[in-house]
Amino acid sequence: MLGSDVLLCFIFYSTLLILKMYIIAIITGQVRLRKKAFANPEDAERHGGVQFCRIDPYVERCRRAQCNDMENIFPFLFLGAVYSMTGPSFAVARLHFLVFFLGRVVHSIAYLLALKAPTRSFAYVIAQVPCVSMAIQILMEVASFA
């Protein structure tokens, strides 16, 4: 009922990515609680006082990882959905989705654990390759209609 094998594969990896985003959000919240570093005075008041409305470097690292996920996963969701409708081969499409997923997982781990450079940059670039490839293939598919 959901469609082609390619679309089902896309849905699988997209769902894993959304779950990964939730996990990063939960980690961010837990780090805020552990470090007592809250963004809003009402949250700080609830957890000990307004003095805990402050910035913590590790909380900010978690937030940047979370923002970076949104900046990269949301475009992937669009590109992957449209790409799935262009009739690509299953093996090639699966490779695109898998590489992006693994790149984002490594990127998040590198971000949260502050791994040595260029680990995070390398993971970012690797994850962008399938996105650029899908974008090019989509444009080639629809160019004659522009």
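Cβ atoms here come from the backbone N, Cα and C positions, even for glycine.
TrEMBL annotations:
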- 6-27: transmembrane segment (TRANSMEM)
- 73-91: transmembrane segment (TRANSMEM)
- 97-115: transmembrane segment (TRANSMEM)
- 122-140: transmembrane segment (TRANSMEM)
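The stretch from 6-27, 73-91, 97-115 with the most CB pairs below 8 A to the transmembrane segment (122-140) is 97-115. Through the fold, the transmembrane segment (97-115) approaches residues 9-10, 12-14, 16-17, 20, 24, 27, 61-62, 64-65, 68-69, 72-73, 76, 80, 123-124, 126-131 of its own chain, all at least 6 residues removed from its boundaries and within a Cβ separation under 8 Å.
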